[in-house]
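**Student:** Below you'll find the structure I mean.
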Amino acid sequence: MKKIYQWAVGQSFKKLDPRQQVKNPVMFVVYLGALITTILCFYPMGIPLWFNISITIFLWLTLLFANFAEAVAEGRGKAQADSLKQAKKEVMTYKINSLEDIKEENFIELQSSDLKRNDLVYVRAGEQIPADGDVIEGAASVDESAITGESAPVIRESGGDRSAVTGGTTVVSDYLVIRVTSENGQSFLDKMIAMVEGTQRKKTPNEIGLQIFLITLTIIFLTVSITLVPFTDFSSQLSGKGEALSLVIVIALLICLAPTTIGALISSIGIAGMSRLTKENVIAMSGRAIEAAGDVDVLLLDKTGTITLGNRRASDFLPVHGVSEEQLADAAQLSSLADETAEGRSIVILAKERFNLREREFQQSEVKFIDFSAKTRMSGIDYRGDVIRKGAADTMKKYVQSKGEDYPSECDKIVDKIARAGGTPLVVIKNNRVMGVVYLKDIVKNGVKEKFADMRKMGIKTIMITGDNPLTAAAIAAEAGVDDFLAEATPENKMNLIREYQEKGHLVAMTGDGTNDAPALAQADVAMAMNTGTQAAKEAGNMIDLDSSPTKLLQVVQIGKQLLMTRGALTTFSIANDIAKYFAVIPVLFYSIYPQLDRLNIMGLGSPLTAILSAVIYNAVVIVALIPLALKGVRYQEKPASQILSHNLLIYGLGGIIAPFIFIKIIDLILSLIIL
């Protein structure tokens with residue numbers, strides 16, 4: 001952090017370049033004012049030189065403090081970008097012309113920067129993946145810690161939704177043949193570095209709108225200030241008292257009344273918001289996406305991995321009439337001994353825990369394991385003349401009936417009961433006889449129900465997306481506490497649901513990782529793609545989660561809302577400050593011409609010169625005081641918007657009015673003692 005501050009100090013002076021200053025119109029007015037007062041130091045025009053120099057110094061400090069706030073925010077991003085740049089380095093790689101060329105004598109050795117889109121490269125264990133691409137052959141463990149920070153390697157393989165690889169990651173085992181999907185300089189890592197450094201950061205619509213508002217206020221105060229010189233000159237001549245305000249005092253008054261506090265911090269608030277998101281290992285492709293996350297009022301959440309743990313577990317054995325629970329458990333365990341899925345392992349463990357049934361040792365000749373296939377939709381075992389199978393209820397019903405056996409209606413009732421409870425029924429048969437049903441339960445993650453309740457308080461509607469049947473979906477939705485659900489979801493009805501809410505004026509957020517998610521991701525206002533997902537999903541999203549955790553969407557929404565809350569709170573504080581400074585300073589400046597105004601000098605400020613200088617000093621110092629808040633953000637509160645508004649008006653509105661009166665008075669007392 002020390003290095004960031006040192007770098008930021010240097011940048012504060014570099015940013016005094018007028019080409020940089022003109023990008024922020026409010027602070028550019030301060031810049032012009034500082035230049036004019038600097039020139040006037042050589043031509044005092046009846047104003048004490050100490051006053052002129054003091055005003056000039058604190059106007060320049062106001063600019064430097066504003067530059068420092070922005071530079072610190074940029075410095076954090078730069079530090080993150082530097083760590084990413086270490087992953088992006090030139091490496092030698094092996095290009096091949098086709099999959100048939102996977103022989104060392106056919107390898108073409110070249111630099112990674114020379115690769116073109118659609119080139120095929122061969123990457124072995126220990127070698128760095130040279131560019132973004134899709135795996136078209138092979139399966140390997142890949143170390144993605146350079147990108148995600150996660151030390152555990154992940155599996156990347158051809159086909160499916162885990163085929164995308166990122167340049168800069170390292171193959172740990174086996175080999176991969178990769179088709180390059182990006183040109184040099186346009187990789188995912190390049191985009192990450194550009195976004196984190198802020199080189200591609202554009203002002204968001206909200207920022208532009210706020211800046212227009214601040215410029216309008218500044219123009220109003222500028223117009224008022226310009227008229228003060230002739231007005232006070234005329235008034236002093238008419239009343240025969242006092243004298244016209246000097247140009248230095250008018251400039252100082254303008255800077256005090258203009259919304260310089262929020263003008264100084266507006267850029268750093270936006271940059272810090274993106275930095276907070278990056279710390280959560282989420283890369284936003286634009287600041288607009290973060291702001292949209294703050295305004296989101298509909299969340300589409302995948303059931304698996306977001307609401308539930310993702311692995312269903314066996315929780316009960318429910319036998320049909322004439323079969324004991326232990327007999328069902330024995331058959332279910334036998335049928336699952338070769339099943340390496342989480343569900344299969346949980347059946348073996350539950351049977352062991354309930355009835356002390358241990359895994360058997362078999363002779364190869366007496367056992368035949370039947371693996372699950374998409375065609376048969378069942379798995380099982382042939383063991384010592386017994387044929388044991390387990391599978392989905394509808395599949396097993398057809399299987400039993402095809403063998404000419406009766407399928408008990410009792411089993412249908414058990415299946416229906418499990419589905420209504422939100423579980424998945426797995427029917428077990430032995431020698432064409434139905435033994436009963438294994439109850440596989442989706443385990444809802446701890447704390448999600450409370451999280452969804454908080455979202456509801458904030459006016460955010462949560463919708464669970466699942467491929468389960470409506471009965472199962474309804475039960476899990478009730479247990480998790482979501483507001484609605486979409487069962488038997490397809491890419492088409494996901495996209496239609498998003499459009500339906502958008503047409504009603506809602507902003508919708510969702511996550512996705514597969515090619516089939518791409519259309520819905522492209523349609524959503526906030527679309528967070530998983531880093532483990534396909535290239536199509538990443539390109540359709542406007543955010544990428546490097547940890548590939550769908551639950552992260554909730555944190556993204558919180559960060560977006562925190563950014564908007566911070567900007568709103570500091571804008572409220574800044575404008576309240578301006579109002580307070582107006583009533584604190586104006587009576588003192590004019591009471592020499594209009595003695596009656598002395599009654600409004602409720603603070604008892606010493607003189608016009610110390611009053612205006614105190615206001616200028618306060619104006620500069622308050623920027624420094626608010627830098628930590630701008631960078632960290634206001635405390636996030638899971639409350640309705642109306643309550644948050646009331647809270648911010650009380651804290652930042654009332655606080656913004658009281659603070660100037662207190663601190664300007666203290667500074668004025670100190671100045672009065674020094675001058676005396």
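Glycine too: its Cβ is placed from the backbone N, Cα and C atoms.
From Swiss-Prot, here are the annotated features:
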type: TRANSMEM; residues: 24-44; note: transmembrane segment
type: TRANSMEM; residues: 45-65; note: transmembrane segment
type: TRANSMEM; residues: 212-232; note: transmembrane segment
type: TRANSMEM; residues: 246-266; note: transmembrane segment
type: ACT_SITE; residues: D302; note: active site, 4-aspartylphosphate intermediate
type: BINDING; residues: D339, E343, F372, S373, A374, K375, T376, R377, M378, S379, K390; note: ATP binding site
type: BINDING; residues: D513, D517; note: Mg(2+) binding site
type: TRANSMEM; residues: 573-593; note: transmembrane segment
type: TRANSMEM; residues: 611-631; note: transmembrane segment
type: TRANSMEM; residues: 656-676; note: transmembrane segment
**Student:** How many Å separate the Cα atoms of M378 (ATP binding site) and D513 (Mg(2+) binding site)?
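**Tutor:** Approximately 27 Å lies between the Cα of M378 (ATP binding site) and that of D513 (Mg(2+) binding site).
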**Student:** What are the non-local neighbours of D517 (Mg(2+) binding site), defined as same-chain residues 6+ apart in sequence with CB under 8 A from its CB?
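**Tutor:** Long-range Cβ contacts: P491, K494, A529, G533, A537, A540.
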**Student:** Roughly how many angstrom lie between the C-alpha atoms of D513 (Mg(2+) binding site) and F372 (ATP binding site)?
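**Tutor:** On Cα coordinates alone, these residues lie 25 Å apart.
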**Student:** Quickly jot the same-chain residues contacting the transmembrane segment (24-44) by Cβ under 8 Å, restricted to those at least six beyond its ends, or write none.
**Tutor:** 16, 18, 52-53, 55-56, 59-60, 62-63, 66, 211, 214-215, 218, 222, 247-248, 251-252, 254-255, 258-260, 263-264, 266-267
**Student:** Tell me the Cβ contacts of T376 (ATP binding site) under 8 Å, same chain only and six or more apart in sequence, or just say none.
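**Tutor:** Spatial neighbours, sequence-distant, of T376 (ATP binding site): G391, T395.
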**Student:** Sequence gap of 6 or more, Cβ distance under 8 Å: name the residues on the same chain that satisfy this around D302 (active site, 4-aspartylphosphate intermediate), in order along the sequence.
**Tutor:** M464, I465, T466, T511, G512, P550
**Student:** Does DSSP give D517 (Mg(2+) binding site) helix, strand or coil?
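**Tutor:** D517 (Mg(2+) binding site) sits in a helix per DSSP.
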**Student:** For the transmembrane segment (45-65), which partner among 212-232, 246-266, 611-631 gives the most CB pairs under 8 Å?
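**Tutor:** Going through each listed stretch, the top one turns out to be 611-631.
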**Student:** Through the lens of DSSP with three states only, how would you label D302 (active site, 4-aspartylphosphate intermediate)?
**Tutor:** strand
